[in-house]
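Quick notes on the structure that follows.
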Amino acid sequence: MCVDASGELDHTLGIDVVWIALFLAVLLGWWDGPVTCALTLGKFIIFTYAATPISLKIIDLYVVYAITTAVIQVVYMGIVGSFPFNSFLSGVLSCVGTAVLAVCLRIQVNKENKEFKDLPPERAFADFVLCNLVLHLVIMNFLG
Amino acid sequence: MAASSETKGEGTLRKAFGGVLGFFILLLIGAFAFSIRLFSVIKYESVIHEFDPYFNYRVTQFLTKNGIYDFWNWFDDRTWYPLGRVIGGTVYPGLTLTAGSIWWLLNNLNIPLSVETVCVFTAPIFSANASWATYLLTKEVKGTGAGLTAAALLAMVPSYISRSVAGSYDNEAVAIFALIFTFYLYIKTLNTGSLFYATLNALSYFYMVCSWGGYTFIINLIPMHVLLCIVTGRYSPRLYIAYAPLVVLGTLLASLVPVVGFNAVMTSEHFASFLVFIIIHVVALVYYIKGILSPKMFKVAVTLVVTIGIAVCCAVLAILIALVASSPTKGWSGRSLSLLDPTYASKYIPIIASVSEHQPPTWPSYFMDINVLAFLVPAGIVACFLPLSDASSFMVLYITTSVYFSGVMVRLMLVLAPAACIMSGIALSEAFDVFTRSIKLQLPKLFESPSGSGDIDSTQDEVVKVDNKSATDKSETAPKERPSKKNRKKEREIVETTIKKPLNAKRLLVLPLEASSVAILLLIIFGAFYVVHCVWAAAEAYSAPSIVLTSHSHDGLHVFDDFREAYAWLRHNTDVDDKVASWWDYGYQTTAMANRTVIVDNNTWNNTHIATVGTAMSSPEKPAWEIFNSLDVKYVLVVFGGLVGYPSDDINKFLWMVRIGGGVFPHIREPDYLRDGQYRIDAHATPTMLNCLMYKLSYYRFVETDGKGFDRVRRTEIGKKHFKLTHFEEVFTTHHWMVRIYKLKSPKNRIRGKSKKSKSNSKTGPSNSKRHSNLRKNPW
């Protein structure tokens, strides 16, 4: 079931640190074999991901940022209570919404997608901006 | 090259001609949809029909007079006395805002139409828009020809006419247009993958949420379709773009509408969309990982994720189930539950069960409402599978769910109508395609070989895929299409009848010449029957305003305008603050036309209040007087059809009053009013029935009309003929006795020094008896 990662590996410091730390953990016997597979798999995914173009990585970073903001808001709601529920809803949904729209942009801009090769990336970005405008107009109205 | 450019020029000319022809056909379809709905305006007058539209009309009047901020914050104290009603928060504002903006726009252009005219004609205008939206939707599914056919069918389908005739100023008038337009934008986004159309889709969905409670159909059908696409392996990035922004933007926009508010995230009706939202993200992630990994690594990833994922899913599911199960209705509203379980309403909510529109339809009503389309729909479903695309799978899902829901409630035949029209349009256009192609291919053989048409062997069941963009066949030596075909209304456009060159792998389906020509003729006759039926249904069956009744007798046309007579009397002869009690059917009309405060109206949101009125109507005079007095009622209004034979009067509805009243006040028992299980008002009726307020108010002085008191609706003589009213006095009865208005008698004054007869007799001696004998008998 377990296979070795093959091909040229792009060494970066951060990945090495993570890898060494987890390897130490495995060495200390806390987890066993299948977890090593997961780690190798994770490393492979990270390395393959490093090959994506930088514009897509920026979009992915934006998506991660939006989702973390949403999670922070949910945690805050859990602590403080949901009294102005419309504000909570609009806050969370604006983060989720803009993340979804960024994913749609990424789909349309990604050169590997055969279905969208006729779509100029400027048009995709313009659609993204328009949709975000509508989203934030609704959010401002609903925020209270 | 010159020849090909020449034929190319010919092709573009034919395309242009086809485009212009299509445009004029659409214009004609819109004009037709508008004019077929004008029968009631011609036969009666430009008046608002029925009950619910009067409420919408009153709200629109308020909006146009006071502006939008007062409308949003309006608390209505003229209804549901003494509770009042928050109009801003309980009404679907789409219809009133649409009509209000049309009125405002026209007035600013110096076209001074009155609000009533705008309200009456809103529905026909939007039905024309709905036909155009159907054209757009079907064009996305199958092609231009199918689009034109479907639009023509929708313009006259009787089920849609019944709810959108001129004067029927109700939510469905604009909601059906919003429904079809939202579906069109969804399919367009699915086909093109453009985020711009996804934005428009969300905005159109917002318009639908504003307009009608039936928007839950959209927000459940689209997730169902997404799930179907995922399960059948048709996931694509376009599906993600079509669905995910709609959920987020749609939920936010739905929460903006005050009626929906937080229900958009808390009720079970929306949970399907959230669930599928999560599922589509999981699927998208899986496809993305699959794209960047090699197959071996992908297998590893799958086994790893599945083990972890199942554990997490179980935990989340357990939490969700606990949350949902804690509410008694599992989070669904009563209306939705009554749709999912058809027997729910009759067991738990008698008010929903009592409305005639909420009954299941009978088989003949299908034929009456969608006529010929009932036969074409199965053919359309088959045509959708050849070939199956995302859009046609959506159409199949739409028709199956709407057929189910139309079987639960007659009112939802309206949602079935657009689906049936689209399916039938597809079927008809495919049929015409095959037949005309057969004729076109075999015509030159007919001219070349005088020995009769050579039969081209019909091939297997392969059907040529209809191509939207293809040019016409260049190598065809057949003569041009017969000009008569171009002028037929249901004829497909020329650009649609494509014949692929023999080099193509797909083979053509070609039928014998005689069979195809006969078949075309029969289809045209089929269509003609449909048109005749639709026009008849629009003219005779669905154009009655129900506030004005007519009847034909030997001496001409009788017009019964009793309702408006009664409301006008109320308006002119009572004080502004007087309260009028009647059964809830007439509440909207009373507030709109008579401008008086009512106790209960058609909104039926408070069952106990309605039960109070029902109990009062079912009790004898004194308890009824006391109930009405406690509600500050001054006048009681009763509808009575016994003199003229009007069957929808209050005596026929009386058992519902008993049931609803008895549901809250247990001393009202339905068997008390029935003799051997039968509901009668003649001499064999039970004494409870003969003494109840409804009986007395309906039949007071009725015996004076013909001496015998023969009730034309129940077809018997009434039981109690000569009686007096002790606590009510009659103030007005309309010309045909259809509406009768009574006033509550004020309680007798207590005069100081003289005590009540029943108590004083025992205490005072015979010295007072003389005084008492001189007094009038105390009625209390």
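Glycine too: its Cβ is placed from the backbone N, Cα and C atoms.
TrEMBL entries are annotated by machine, without manual review.
Feature annotation from TrEMBL assigns transmembrane segment to B:20-42, B:86-106, B:118-137, B:143-161, B:173-199, B:205-228, B:240-265, B:271-289, B:301-325, B:366-386, B:393-410, B:508-532. The domain 'Oligosaccharyl transferase STT3 N-terminal' annotation in TrEMBL covers B:21-423. For B:467-493, B:749-780, the entry in TrEMBL reads region 'Disordered'. The feature compositional bias 'Basic residues' is assigned by TrEMBL to B:749-760, B:769-780.
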Take a look at B:118-137, B:205-228, B:240-265, B:508-532 and tell me which one has the most Cβ pairs under 8 Å to the transmembrane segment (B:86-106).
B:205-228
With pairs restricted to those 6 or more apart in sequence, evaluate whether the transmembrane segment (B:366-386) and the transmembrane segment (B:143-161) have 3+ C-beta pairs under 8 Å.
yes
So if I exclude everything within five residues of the ends of the transmembrane segment (B:143-161), which remaining residues of that chain have a CB under 8 angstroms from its CBs? That is, six or more out.
18, 22, 25-26, 29-30, 32-33, 36-37, 127-128, 130-132, 134-137, 176, 368-371, 373, 413-414, 416-418, 420-422, 424-426, 428-430, 432-433, 466-468, 489-490, 492-493, 495-496, 530-531, 533-535, 537-538, 541-542
Need one number: mean pLDDT over the domain 'Oligosaccharyl transferase STT3 N-terminal' (B:21-423).
88
Between the transmembrane segment (B:301-325) and the transmembrane segment (B:205-228), do 3 or more CB pairs sit under 8 angstroms, pairs being 6 or more residues apart?
no
